[in-house]
Structures are given as structure tokens and as C-alpha cells.
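Visitor: Questions regarding the structure given below will be posed in turn.
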């Protein structure tokens with residue numbers, strides 16, 4: 001996703017540091033994330049939360065979970081956080097990190113995150129950019145470092161090649177799943193689409209009739 | 001594999017119809033394959049047996065199994081069968097079918113084949129040739145039709161893209177495996193390389209230092 005930079009983004013983020021945590025503060029927060037939420041309850045983390053429709057939808061649908069959207073693009077995180085703030089104010093169970101997925105183990109202790117979401121991650125189709133894909137082994141290592149034993153990564157994409165690549169990357173890492181854990185056409189699967197919160201990309205690709213691939217893979 | 005055609009191939013095959021079964025005879029043989037072997041014992045089928053080094057090596061290593069190598073290229077099947085005949089005569093547990101992988105369910109009854117092998121199948125990299133890949137769903141349907149319930153397909157390749165494609169094709173078909181069932185670097189895995197019989201391609205790619213991917217996937 002390539003967004004035109006917004007002149008207001010930087011100031012808005014500085015003024016809303018209670019909602020959007022920057023990398024330095026995220027690093028200092030390690031082991032103490034529950035203190036930023038109203039309720040002590042499981043934390044689910046989306047890596048690459050983009051313009052934030054998914055994480056906001058999830059936070060509204062699941063008050064029993066604390067959500068964190070992490071995004072490396074300043075414009076995207078500012079759009080996401082401002083939109084949610086303007087729509088519903090400061091939600092008790094939603095925060096953002098303006099930071100990098102590779103740094104996730106510097107922000108969280110082992111087991112501090114109960115689940116990781118990856119939605120419509122950049123496919124980085126060129127072979128030489130493999131290490132930037134959010135399902136590359138170095139990222140998997142980071143996710144494993146913050147999840148509990150046998151923790152779960154839930155991954156949605158419209159991109160067949162990224163999905164194929166990711167299955168073998170998961171396998172290479174020893175991750176597991178069963179046929180109940182995936183669908184290769186989410187919106188044609190009545191059971192698995194239950195409770196699905198759509199992202200901006202998902203709606204765009206659905207409108208084109210493209211299938212959405214989804215898997216829950218476990219360490 | 002593209003082989004220069006051999007003028008002797010056609011005659012040789014006609015003269016050795018006890019070893020190499022053509023499509024018409026294979027169709028007539030349905031349900032009665034055990035009668036072509038000395039011993040009644042499980043039949044393992046290699047689809048695309050090429051020049052036959054694998055199936056010959058397996059037949060010599062495992063006298064307790066009946067092997068069939070199936071190959072659609074006349075030159076390849078003639079080279080394979082003649083080489084094995086010249087080296088060891090008519091083996092009691094090895095036969096060939098000069099035929100097409102898509103026709104496998106016209107040659108065998110359900111459960112008549114105990115295991116299917118695919119080795120270094122043509123990757124058919126172009127999207128429009130997807131349906132020619134031996135792990136495409138129509139082929140999986142054929143293999144399922146001749147294997148027992150939860151039957152096994154064992155697949156080796158050096159081609160990363162074909163392997164990635166095949167994992168998702170297997171998943172789409174509801175096939176299963178565990179981390180014990182695969183390796184992404186066969187020759188670096190001391191346990192899983194035990195008893196491995198190398199194909200001609202495998203030796204070529206090993207010499208280049210390329211990893212060999214292998215999986216046993218179950219219906």
C-alpha cells in the first residue's frame with residue numbers, strides 16, 4: 001500500500017500518544033501492555049494493520065479481547081487511528097503501534113500476545129525481496145517469540161503466490177494446521193466466513209470476484 | 001524431459017510387451033494387475049517414471065513390493081525398460097505402463113495401487129499449463145480413485161514453485177500431512193534421506209547444491 005503522505009499525520013500522532021505508541025515507548029512497554037487497556041484480557045496483534053478497518057471492526061465486535069494494530073507507515077497508522085478516534089473515541093480495548101513487524105519481540109514478552117493476524121500483507125513478488133514478506137522465516141521467529149507455546153498466526157490474502165510461498169515457509173518453520181484451519185475461498189465457505197471482519201483490500205478483491213485465502217497456522 | 005526419439009524404441013516395446021504394457025492392455029488389466037507379478041503383494045505406482053532409475057532402484061531394494069513405472073513418452077519408457085532388462089533381466093516385481101497419468105483410474109480399481117510416487121515432475125511453469133502439472137486437482141482425483149482410503153502420494157522435486165503450488169493444490173483437495181511427512185532439504189536430513197533412491201534429476205540437482213523438497217501427503 002503506497003499512501004500519499006498527509007501533512008497532519010505527524011502532529012496528530014504526537015497529540016494522541018495515548019492511542020498510538022511509537023517504537024521507543026513500545027520498547028519500554030515490554031511486559032506491561034495490559035496497563036494500557038481498561039481490562040486485563042488476551043492481546044491480539046495485527047502486523048501491518050494498514051488503514052485499520054479490520055482491527056477497529058474486531059475491537060468493536062470483541063470487547064473481551066485487547067487489540068493492537070501495528071503499522072510501519074506513518075500515514076497509514078495516522079489514518080487508521082484518527083478514523084477510529086473520530087468514529088468511536090478512545091476504545092478501551094484498542095491501541096496502535098507505529099512500528100516495524102521485525103521489532104515485535106523487542107516490544108512484547110513471550111506469551112504477552114495471544115494471537116497474531118496478518119491481513120493482505122504486501123506480496124513482495126520479487127525473489128530478492130523475499131525477506132520483506134511478513135511470512136518470511138525471520139518474521140515467523142519474531143511472532144513465535146511473543147506468542148505462547150503453539151501460538152496461532154491467522155493469515156488472509158488474495159495473492160495466490162504469497163499464499164503458496166507462505167505455506168512452504170510455515171512448513172519450513174515446522175508450523176501445523178489441519179483442513180479445518182484453512183479455506184481457499186473464504187467467502188464461499190459458509191462456516192469459515194462466520195464472524196469474518198473484512199479489510200479494505202478484502203472488499204476490493206471480493207468486488208472483483210477473486211477468492212480470499214485464509215489459514216490459521218500454529219507453531 | 002525432452003528426449004530425442006530413438007528409432008529402436010517402438011520395436012523394442014512391441015517385443016517386450018510382457019514388461020511394458022500399453023494403454024489398451026493396461027485398460028484390460030483393470031482389477032488383475034497382481035497376475036502380472038510373481039508374488040501377490042502391494043503395488044506402488046510411479047507416475048512419470050522417466051528413464052526409470054528410481055523405479056528400478058526401488059524394485060531391487062524392495063522385493064516385497066510390486067512396482068509399476070508409468071510414462072507417457074515412448075522414448076523414455078523404452079530407455080527405462082531396456083536398461084533394466086539389459087541390467088537385470090525381467091524382474092519379478094517390476095512392470096511398466098506406456099501411458100498417461102490422467103488415465104490411471106481406467107487402468108486400476110480403487111485400492112489396487114497402495115502408493116503413488118511423483119518424482120521431479122515437469123513444473124509446467126506457465127499459468128495456462130497449470131492443468132498439466134501432475135499435482136493439479138484432476139490428477140489428484142485420479143490418484144485418489146486408485147488408492148485405498150487415506151492413501152499416500154509421495155512427491156519429490158527440486159522446483160520450489162512447483163512444490164509451493166503443489167502444497168496448496170493438496171490443501172485444496174483436503175490432503176493432510178504432519179511435519180514428520182516432509183523435508184525441504186532431503187539430503188540434509190539424516191533421518192528422512194534413509195532408504196532414499198535417487199532419480200537421474202535428483203543427482204543432477206544435488207550436484208548443483210540445490211535442495212530437494214519431499215513430502216508424503218495423504219488423502
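The backbone N, Cα and C atoms fix where each Cβ goes, and this holds for glycine too.
Here the structure is a predicted model, which means the values were calculated and not measured.
According to Swiss-Prot, the feature S-adenosyl-L-methionine binding site maps to B:46, B:71, B:100, B:122. Among the features that Swiss-Prot reports, active site is placed at B:122, with the record citing similarity to another entry. Residues or ranges marked as substrate binding site in Swiss-Prot: B:126, B:158, B:199, B:200, B:201, B:202.
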Visitor: Of these binding-site residues, B:122, B:158, B:202, which scores lowest on Cβ atoms within 10 Å?
Guide: B:122
Visitor: How far apart, in angstrom, are the most distant Cα atoms among the substrate-binding residues B:126, B:158, B:199, B:200, B:201, B:202?
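Guide: Comparing all Cα pairs, the maximum is 25 Å.
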Visitor: Same chain, not part of B:46, B:71, B:100, B:122: whose C-beta falls within 8 angstroms of the C-beta centre of the S-adenosyl-L-methionine site? Give them in sequence order.
Guide: B:47, B:48, B:49, B:50, B:70, B:72, B:73, B:101, B:121, B:134
Visitor: Identify, among the binding-site residues B:46, B:71, the residue whose Cβ has the fewest other Cβ atoms within 10 Å in this structure.
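Guide: Fewest other Cβ atoms within 10 Å, among the binding-site residues B:46, B:71, is found for B:46.
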Visitor: Pop the Cα-Cα gap between residue B:199 (substrate binding site) and residue B:46 (S-adenosyl-L-methionine binding site) into the table, whole Å please.
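Guide: Distance between the two Cα atoms comes out at 12 Å.
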Visitor: Taking only the Cα atoms, work out how far residue B:201 (substrate binding site) lies from residue B:100 (S-adenosyl-L-methionine binding site), in Å, as a whole number.
Guide: 20
Visitor: On a C-alpha basis, identify the one among B:71, B:100, B:122 that is nearest to residue B:158 (substrate binding site); the candidates are the binding-site residues.
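Guide: Answer for the nearest of the binding-site residues: B:122.
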Visitor: What's the CA to CA span in angstrom from residue B:199 (substrate binding site) over to residue B:122 (S-adenosyl-L-methionine binding site)?
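Guide: It is 14 Å, counting Cα to Cα.
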Visitor: Tell me the Cβ neighbour count for residue B:201 (substrate binding site), meaning other Cβ atoms within 10 Å of its Cβ, over all protein chains shown.
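Guide: A 10 Å sphere around the Cβ of residue B:201 (substrate binding site) contains 21 other Cβ atoms.
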Visitor: Using only the residues recorded as binding S-adenosyl-L-methionine (B:46, B:71, B:100, B:122), report the maximum Cα-Cα distance in Å, whole number please.
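Guide: Roughly 14 Å, rounded to the nearest whole number.
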Visitor: I need the CA-to-CA distance for residue B:126 (substrate binding site) versus residue B:100 (S-adenosyl-L-methionine binding site), whole Å please.
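Guide: Distance (Cα to Cα, whole Å): 21 Å.
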Visitor: In whole Å, note down how far the CA of residue B:71 (S-adenosyl-L-methionine binding site) lies from the CA of residue B:202 (substrate binding site).
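Guide: A Cα-Cα distance of 18 Å.
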Visitor: Which of the three DSSP states, helix, strand or coil, fits residue B:201 (substrate binding site)?
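Guide: Where residue B:201 (substrate binding site) sits, the three-state DSSP reduction gives helix.
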Visitor: Among the binding-site residues B:100, B:199, which residue has the largest number of other Cβ atoms within 10 Å of its own Cβ?
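Guide: Max Cβ neighbours within 10 Å, all protein chains included: B:199.
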